[in-house]
Ligand code: PGA
């Protein structure tokens, strides 16, 4: 795992956006794996600016999002389809037909999950997967558990996650308790993975991700066996990393 420590959230976001822009420059029809949450919002803002300045072109790109709440339609303001449209897709020259978010209201969820993985395969697989990380170590909605799923699947959300995400809803009772998420296998098949984390509250999980043993209780720790993972964090999220780490850590000024 390579770790880049940026001085702040803005710089972290710029570094990640540049990686995406670089990929689209060398491979205009790249397949992007995208994430929701507060963390990647800065990356999307930066990509919108780069797109306006004609420094990144999404016209041939395809995207697949990690997850969606069960029961929320794409026009629900807290759905992840709505998030992606409003934070990125509506503002760049991407073909919306080539943007994919699992449907939270599919009649047959099992079929929806199977077809989601098949569509990723058909598109040629994900070139670059962007990830956030939950304070409990989840990636997508792959929550800490004794067992992890390989493929896209329906899952329960943990209390931690429901609580963390309740900040976007009027009350905690409105937070969906189930979701559809890409599995660890779907994520690990990506050619390159960029995981982002910002702020002191992510410091503990970042130290676990980078320095602890692999455990299904920290789903993100599985990334340690992937060949091409770039962890980009700000100073606060890096604050519990020890220098004794075996990983390559680069501090950016
Ligand atoms: P956050 O969420 O970016 O809003 O912190 C990350 C996650 O839960 O994966």
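FYI, residue positions are counted from 1 along the chain as it appears here.
Cβ from N, Cα, C; glycine included.
Annotation source TrEMBL lists domain 'Glucosamine/galactosamine-6-phosphate isomerase' at 12-229. Across the domain 'Glucosamine/galactosamine-6-phosphate isomerase' (12-229), the prediction's mean pLDDT works out to 97.
Neighbour list (residue 67 (active site, proton acceptor), Cβ cut-off 8 Å, at least 6 residues apart, same chain): 36, 80, 102, 140, 141, 179, 180, 181, 182. The annotation active site, proton acceptor is assigned in TrEMBL to 67 (among others).
Among the features that TrEMBL reports, active site, for ring-opening step is placed at 136 (among others). Applying an 8 A CB threshold to same-chain residues 6+ apart, the list for residue 136 (active site, for ring-opening step) reads 143, 144, 158, 160, 161, 205.
Per TrEMBL, the feature active site, proton acceptor maps to 138 (among others). For residue 138 (active site, proton acceptor), the same-chain residues lying six or more positions away in sequence with a CB closer than 8 A to its CB are 144, 158, 161, 219, 220.
Per TrEMBL, the feature active site, for ring-opening step maps to 143 (among others).
Neighbour count (other Cβ atoms within 10 Å of the Cβ, all protein chains): 23 for residue 143 (active site, for ring-opening step).
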